[in-house]
Amino acid sequence: MVSVMEYLRYLQDPHLVARFQLICGIRGTLSETVPADSSTSDSCRSVNKARSRYNGALHHHTAGETGDEQFTSMGVPRRTADITEPRKLKHDMEDASPNGAALSPGGENVAVRGSTLKPLRRNSLTGEAGQEFVIENRFLFYLFTFGTELGNELFYIIFFPFIMWNVDAFVSRRLIMVWVWVMYVGQCTKDVIGWPRPASPPVVKVEMFYNSEYSMPSTHAMSGTAIPFSLFFMTHGRWEYPYTLGFSLALCWCLLVCSSRIYMGMHSVLDVIAGILYSILILFFFLPALDMIDNFNLSCRYAPLVIVFIPLALALFSFTLDTWSTSRGDTAQILGVGAGVALASHVNQLLGLMPDLTADQLPLMVPTVSGGLVCGAMLRLVLGVIVLVAIRTLMKAVTIPLVCWLFKVPSSDVRKARQHVEVELPYRYIVYGTMGFSVLFLVPLLFTYVENS
């Protein structure tokens, strides 16, 4: 049992993340160094205290501030200098500065080649811009930046509507259901466990936007596993394409997203592995129930009440798990999208719009790619996204002042106002619920009107 805990500590060690970043050509630019004989656990403990304002540690933790304390709460003794990570990892990292910058044998910084950049987006909670870092491999930087974007809001705003409007609305609405449940369970689990992000230093923070959220499990890894493999399972047999091709694409998608979170310095290896396994466990129980849930949303007369109020109750529950953080709003946002899409599917069923294909119309053939097909798809995507952005802007401008007025919360400082649960919850749920409804009802209705005209 102790050996298992030792291995888990090894997988959680931020020096393992820093080593991966060094291999991929990411180095920090901070000047501070660590004495050559300092132990891994001592350095981790000191930086964890210093970094409290940059990650989830700024909130209270039931599991402690450091990785040692987290595993101590699981019944494993605290690490000492005599119980360290495997010697190879320590030897590889002891000649590096805690932020990943190269050092000479004497402990002085060595100039490294490459481009110096800062994180692309500021911390969503604190506004912190982050420290500069050096990129020695631009290909890997752009590859992993693309990989991490596959789990961000902008990707979902484009991907789900594209599938909905141009490929298969049946698959898209079910895929959104999977995404909502996986992300909700993952975010709630993060707030319950309350582990901070990998310590910086030694980790280089290539990304800062989510740095104030908790770390375990990686919800990027969860969605990066659930979305591609659910898409594969839902489309294989419904669409005609080689099994090997579909599985290979899903696997590459998953590996790219998961490895990008380590590259960005946002998650330990343990966070990512836990996210993958957790997602597989959720899919094992949720996918068999998907037909029943979807049929209920479409045909039950009481479905609208359940669709609206059950996700709202789940969002309210998630807001009680921790003090205010950006992850709470993201949870309400995800549940709002799911509720909006489910409600739109019920309305479409009542009005006879966008009917599902019958069994004799399947399987579907992948169409030949042509200029007209691509232009039509892109035109629908651009027009639809413009409509969604306009709806989001309008709803945001109306909802925040209205909610602040209802609950007597000052609206002069929007950031502070949104730290109140009575503002953040209805704002996120209403705005993104409206967007979800628009994706499956209003925008397709607009497309039908334009085509008929």
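Our numbering is plain: 1 for the first residue shown, then up by one each step along the chain.
Note: Cβ is positioned from N, Cα and C throughout, glycine not excepted.
Cross-referencing 169-186, 241-258 with TrEMBL places the feature transmembrane segment at 241-258. Restricting the average to the domain 'Phosphatidic acid phosphatase type 2/haloperoxidase' (173-287) gives a pLDDT of 89. Listed by sequence, the residues of this chain that lie at least six past the ends of the transmembrane segment (371-391) yet keep a Cβ under 8 A from its Cβ atoms are 157-158, 161-162, 165-166, 434-435, 438-439, 442-443, 446-447, 450. Of the recorded ranges 302-321, 333-351, 429-450, the transmembrane segment (139-163) has the largest number of C-beta contacts under 8 angstroms with 429-450.
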